[in-house]
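**Student:** So TrEMBL lists the following for this protein:
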- B:42-352: domain 'AB hydrolase-1' (DOMAIN)
- B:48-51: region 'Important for substrate specificity' (REGION)
- B:146: active site, nucleophile (ACT_SITE)
- B:183: site 'Important for acyl-CoA specificity' (SITE)
- B:215, B:348: substrate binding site (BINDING)
- B:314: active site (ACT_SITE)
- B:347: active site (ACT_SITE)
């Protein structure tokens, strides 16, 4: 299988919001569909914390992407009409420069010498790829999911006129204390793992235990109790599925489900990159651009139309926060469509409840 | 300060539900008020996972108890009228026999050789203390909070006629997968701590990191996002409150709040006891007594009256589960009062929202 990623070299030095700068940094991105002559049909998708730029399969890389059923001819992101771009976040290790990358100044991986990362930096890096790499002056639509939704708000605040319309998916105008508490505990689990070694893991010494706890806690907050009542109830594992003679080992299906998620994640995502992106999510606060007011911060965003989607079962990015975004964009002059879904899958609904998300997003994009 | 605990020696051998037995085991309990001549005014309180029998101060031990404002003359549990008992759960290390106790057969602490513990065992041990230790044939009221609410259901199913009335506080007829997932992850954090040593910690080698993560995850699920939005918002710690130069150290007040909870808990609760009681909570399922049906299981409980209280913001023991208990007790013939509170404090509301809990519980007990 091929590598469908393109790479865009960022301005050198690339100055970071909180100080520090990167030299020779780049971001990875993939595209689907064809950019029209006027360069006016581009959609940019900014991702959650862990996904790569491979949102969907394409000719070069036919493996399914993380939003496979949403992108393609006739799908919600209709590639017969739109040119779709997905950028791997700066700081993520899926092709973009991250704490796992080699610092050209030392020839060694950055690890914790990577400068403090904010979602504004993630947004600025994606903006450079779109403007300078692809020559697109204005996006037809900027889409942000989860953490990517916060990155998208930063993108639009920092680059007025960069997007004609916006789709906001299960995100937040600022991190609330419940989400901060969860992410802080995820970071702590990694930091307390003796194998983390203040970022100097490698080879066989890897903070697998910390990453496992972090991932499981993530999955618990990405889904919903309601979904699990129907899906797992109190079903036990068969004897041969249990973890041997481990004292206090797994016994219920829900425990095995979480273990499977952790195993698939471990060693697939750089622990230091996880820490940087997680902290960046805690730091984001659009009210910084509105003298402490979320609504004034959002008022700096000028898009013609917006679609704001949220899910009633999302405990990490609750529906009230989606309403806040919708109201702010509307007050700023956008024509806003607000969709509150009752999907049982919680925060992850946008990855699972393709029927409802397709209807909302496809309908919005067709109406443009 | 004195020790207000009494100790009741359990039947020897004390046979456990899942096999195994204890020799020379005991439970600790405290009391408030005076048992009347007919031994008919006793209230037994069964606790959540971590509290001791010291529910309130008394002459011998004037330190405030974990339900201090609820128990005393003129309070909800009015000691001018009632004789109130609180038993430390079997398996907890606050005076009752637990994995931290010495096994008389070996002269060494049980640690993981302690037999598998269920909430039925917790219930049976408390029952023996009430019947044999205090000579009480029937409780005026059996009260169970959180895990203690499940123990109370076991108590009433296993010992018909042992309680005239019942107060069920923020509990469950069976553990649901969300609660199992949270508790499984808490146990995993302890098990993965290299200092746990399969239960053989001691001296300076103690699974503080695992216990800290377990406790913080507990506190996150015991409170509510709504409460924290008002209480912590995005308030930062002052520079001198932060944890030094720790990379990815604490920055927000909510993080410091969780750290304070973990520090107060660490070394105050035996990690092996925590594992045993946590797993016992996952195992409890009243439907085992009803051929797989919760309602049929609850139908075996015969009390004259019951008060069932729940909180809409409780994510660990959701309100629907309280409704299920109320319906089951009612179908079994009890006169049931169901109180759904909107307290913002989540599962912990019963420890914090004293005003509302006092009104409900005090009103119920006065009406008897």
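Any Cβ shown, glycine's included, is placed from N, Cα and C.
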**Student:** Between residue B:183 (site 'Important for acyl-CoA specificity') and residue B:146 (active site, nucleophile), find the distance joining the two CA atoms and give it rounded to the nearest Å.
**Tutor:** 14
**Student:** Work out how many Å separate residue B:348 (substrate binding site) and residue B:146 (active site, nucleophile) at their Cα atoms, rounded off.
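**Tutor:** The separation of the Cα atoms works out to 9 Å.
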**Student:** Just checking the recorded positions B:146, B:215, B:347: which sit within 10 A of residue B:314 (active site), CA to CA?
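**Tutor:** Of everything listed, what lies within 10 Å of residue B:314 (active site) (Cα to Cα) is B:347.
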**Student:** Tell me, roughly as an integer, the mean pLDDT over the domain 'AB hydrolase-1' (B:42-352).
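**Tutor:** Mean pLDDT for the domain 'AB hydrolase-1' (B:42-352): 97.
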**Student:** Which one of these recorded positions has the most other Cβ atoms within 10 Å of its own Cβ: B:314, B:348?
**Tutor:** B:314
**Student:** Taking only the Cα atoms, work out how far residue B:347 (active site) lies from the residue listed as 'active site, nucleophile', in Å, as a whole number.
**Tutor:** 8
**Student:** May I ask you to report the DSSP-based helix, strand or coil state of residue B:183 (site 'Important for acyl-CoA specificity')?
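**Tutor:** Looking at the DSSP assignment, residue B:183 (site 'Important for acyl-CoA specificity') belongs to a helix.
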**Student:** What is the separation, in Å, between the Cα atoms of residue B:146 (active site, nucleophile) and residue B:215 (substrate binding site)?
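**Tutor:** Rounded to the nearest whole number, the Cα-Cα distance is 16 Å.
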**Student:** Per DSSP, residue B:348 (substrate binding site) is which: helix, strand or coil?
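**Tutor:** Note: residue B:348 (substrate binding site) is helical by DSSP.
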**Student:** In the three-state scheme derived from DSSP, which category covers residue B:215 (substrate binding site)?
**Tutor:** helix
**Student:** For the region 'Important for substrate specificity' (B:48-51), what are the DSSP-based totals of helix, strand and coil residues?
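**Tutor:** So the region 'Important for substrate specificity' (B:48-51) is made up of 0 helix, 0 strand, 4 coil.
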**Student:** Validating a neighbour-count step here. Other CB atoms within 10 A of the CB of residue B:183 (site 'Important for acyl-CoA specificity'): how many?
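**Tutor:** The answer is 26 other Cβ atoms.
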**Student:** Can you tell me how many other Cβ atoms are located within 10 Å of the Cβ belonging to residue B:347 (active site)?
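**Tutor:** Neighbour count, Cβ to Cβ under the 10 Å cut-off: 26.
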**Student:** For a quick check of packing: other C-beta atoms within 10 Å of the C-beta of residue B:146 (active site, nucleophile), how many?
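**Tutor:** Counting Cβ neighbours of residue B:146 (active site, nucleophile) within 10 Å gives 26.
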**Student:** Tell me whether residue B:314 (active site) sits in a helix, a strand or coil according to DSSP.
**Tutor:** coil
